[in-house]
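Report on the following structure.
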Amino acid sequence: MSVKTYPVLEPAKQRALIDDATYQAWYRQSVADPEGFWGEHGKRIDWFTPYTKVKNTSFEGDVSIKWFEDGVTNVSTNCIDRHLEKRGDQVAIIWEGDNPYDDKKITYRELYEHVCRLANVLKANGVQQGDRVTIYMPMIPEAAYAMLACARIGAVHSIVFGGFSPDALAGRIVDCQSTFVITADEGLRGGKPIPLKANTDQAIEIAGRGGVEVKSVVVVRRTGGKVNWFSERDIWYHQAVATVEADCPPAKMKAEDPLFILYTSGSTGKPKGVLHTTGGYLVYASMTHQYVFDYHDGDIYWCTADVGWVTGHSYIVYGPLANGATTLMFEGVPTYPDAGRLWDVVDKHKVNIFYTAPTAIRALMGQGDAFVTRSSRTSLRTLGSVGEPINPEAWEWYYHIVGEDRCPVVDTWWQTETGGILITPLPGATALKPGSATRPFFGVQPQLVDAEGKVLDGAADGNLCITDSWPGQMRTVYGDHERFIQTYFATYKGKYFTGDGCRRDEDGYYWITGRVDDVLNVSGHRMGTAEVESALVSHDAVSEAAVVGYPHDIKGQGIYCYVTLMVGQTGSDDLRKALITHVRKEIGAIASPDKIQFAPGLPKTRSGKIMRRILRKIAEDDFGALGDTSTLADPAVVDDLIANRQNRK
Ligand code: WTA
């Protein structure tokens, strides 16, 4: 198969901070001499006390990862205070509301005051360094203030995406023993209110039964919708910030002090609290933001993610603000009021750098080009993609229609665990191949291995590992270091295993092929099949469930559930609806099953292990090649599964 290559665009090369020769030279140095390389680039952030030690990391044994460990800094100072002299009146955050007539701009000086005031409110209510603060917010500037206020006083934030259910929120509150929550009365998306405060109230009740008593809830008034009020616990944001000082001294944080916890799904069990720390994370987030998007002073930068995901942490808030950028925060959805919204916003705010997910590109592509071409988009210079593999058709549409062949597309591969982008083109340095994340960022050493761990050289297809640490890497699973070791470093000893499959072509370009474990990627949202299964079996009618992904035109992957019912129950469309509602209640709307098949039996080996390979094939409507089924305890169940399959092309 011949693959199209797009050479580096001349204007991009002219402007770029990094050309190909520089990429090659820096990359070589970064792997030959990580100490020297990162010792130099660690200076891109300000330190109260400079570090003398750079790298102290081991993927063996107990797995210990420390960067810049004797340095002392503060993330909020780096994102705000250090810009005040030069760009105090520059806009730090452009907020674009759900409603196109609703927007506002916050300068760095205003950001300073908002963050300091909220930090003082946290302190006044007893939040101390190291305490976990849960943030459950819509996409409003106060979400960024909340993150930075925590960073300012050394509290550890745990953001829970506003689309998660009260149960999911409660689980995360309990796991990190968080007794302080910041939320809003309601969110607003696509004109619809989302009852965040009511969800928080419920979650707090559930968490209370789980042994964690939330003491204070700060509530931002967003819509003015009606909320229940518990005066001994709830605090209105607007009232509280008015009563405290507008300055708050930053806490002196050691480089390895925790900055945040972010829960993410794995192949087994409940979501893990991915822990990121202070110094290395910020160095890596800011450096990747600058070079991957070729960010220059004065650029208007827009990442459409939600702060509830890691992309929002690193590339809406921390990376851009550390670089003194103007970052746009969008409350709404790409299709409201219509499918031209994103491009209208690009024109309205003269966006230069635009970063979104393949699922959004595919959804908009299906609405026709007129929604795009009615806008001018002349401000655009760099386009980015993240979250899942981008299919070449969507890539081409993004490049030709949205970017009019003028804007390099950076397909950035990374994970919650990696803190920042690991494999990516650089706009002025890398020739592009649609569908490939191309080459490693500085300091990143990818390696492909086969199932047995044999290292594959040259052009090859295998499992993607990273052989040495980079500063943005997660440090542990909160409260469970053993799980950290087992999940990431036990499959291939001494290597970080990503969970992704990957091909390397003859030019050394990397092509991520998707997860090789039981993790789904639905519209760029990560979800464990085990989580959906446990939600299903918690319903009274269900005795057993097996969940797999199947290819979905817009979402990338859809959720296909095989459900075995309790004796006496019969499958019906009503029960399907009830199960969907149940999963939404347990996890959130993002986990809504797309297909539910009632199955009297699941294909199991004689030792009782469900053969997911077979379930995946049937879900894909590709049951001609089921492979060897002779090891099944009861091969006849397969015929029933095929006969009643729900996804017929
Ligand atoms: C997938 C999101 C292909 C991958 C930043 C990874 C991608 C998982 C890409 C992490 C990409 C992310 N191409 N696949 N450019 N970016 N992925 O933790 O499977 O929400 O392991 O982090 O998304 O998802 P997470």
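A Cβ is built for glycine as well, from the same backbone N, Cα and C atoms used for every other residue.
Nobody curates TrEMBL annotations by hand; they come from automatic prediction.
Some features that TrEMBL has for this protein:
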DOMAIN    23-79  domain 'Acetyl-coenzyme A synthetase N-terminal'
DOMAIN    81-468  domain 'AMP-dependent synthetase/ligase'
BINDING   Arg189, Gly190, Gly191, Lys192, Thr311, Ser523, Arg584  CoA binding site
BINDING   Gly387, Glu388, Pro389, Asp411, Thr412, Trp413, Trp414, Gln415, Thr416, Asp500, Arg515, Arg526  ATP binding site
DOMAIN    531-609  domain 'AMP-binding enzyme C-terminal'
BINDING   Val537, His539, Val542  Mg(2+) binding site
MOD_RES   Lys609  N6-acetyllysine
Collapsed DSSP category at Arg584 (CoA binding site):
helix
Among Arg189, Gly191, Arg515, Ser523, His539, the binding-site residues whose C-beta sits under 6 Å from ligand 1:
Arg515
For the Mg(2+) site built from Val537, His539, Val542, further residues of that chain with CB within 8 A of the site's CB center:
Ala535, Leu536, Ser538, Asp540, Ala541, Ser543, Ala545, Val563, Leu579, His582
List, in sequence order, the same-chain residues at least six positions removed whose CB sits under 8 Å from that of Gly190 (CoA binding site)?
Asp98, Gly332, Val333, Thr335, Tyr336
Could you round the CA separation between Arg584 (CoA binding site) and Pro389 (ATP binding site) to a whole angstrom and send it over?
26
Spatially speaking, which of the recorded positions Arg189, Gly191, Pro389, Arg515, Lys609 is closest to Val537 (Mg(2+) binding site)? Use C-alpha to C-alpha, please.
Lys609
If you measure Gly191 (CoA binding site) to Gly387 (ATP binding site) at Cα, how many Å is it?
25
Entries of Arg189, Lys192, Thr311, Val542, Lys609 which, being recorded positions, have CA atoms within 10 angstroms of Thr416 (ATP binding site):
Thr311
List every residue in the same chain as Trp414 (ATP binding site), at least 6 positions away in sequence, whose Cβ is under 8 Å from its Cβ.
Val386, Gly420, Ile421, Leu422, Ile423, Thr424
DSSP on the domain 'Acetyl-coenzyme A synthetase N-terminal' (23-79): how many residues come out helix, how many strand, how many coil?
26 helix, 11 strand, 20 coil
So among Arg515, His539, Val542, all listed as binding-site residues, which is physically nearest to Lys192 (CoA binding site)? Use the C-alpha atoms.
His539
If I take the alpha carbons of Thr412 (ATP binding site) and Val542 (Mg(2+) binding site), what is the distance between them in whole Å?
40
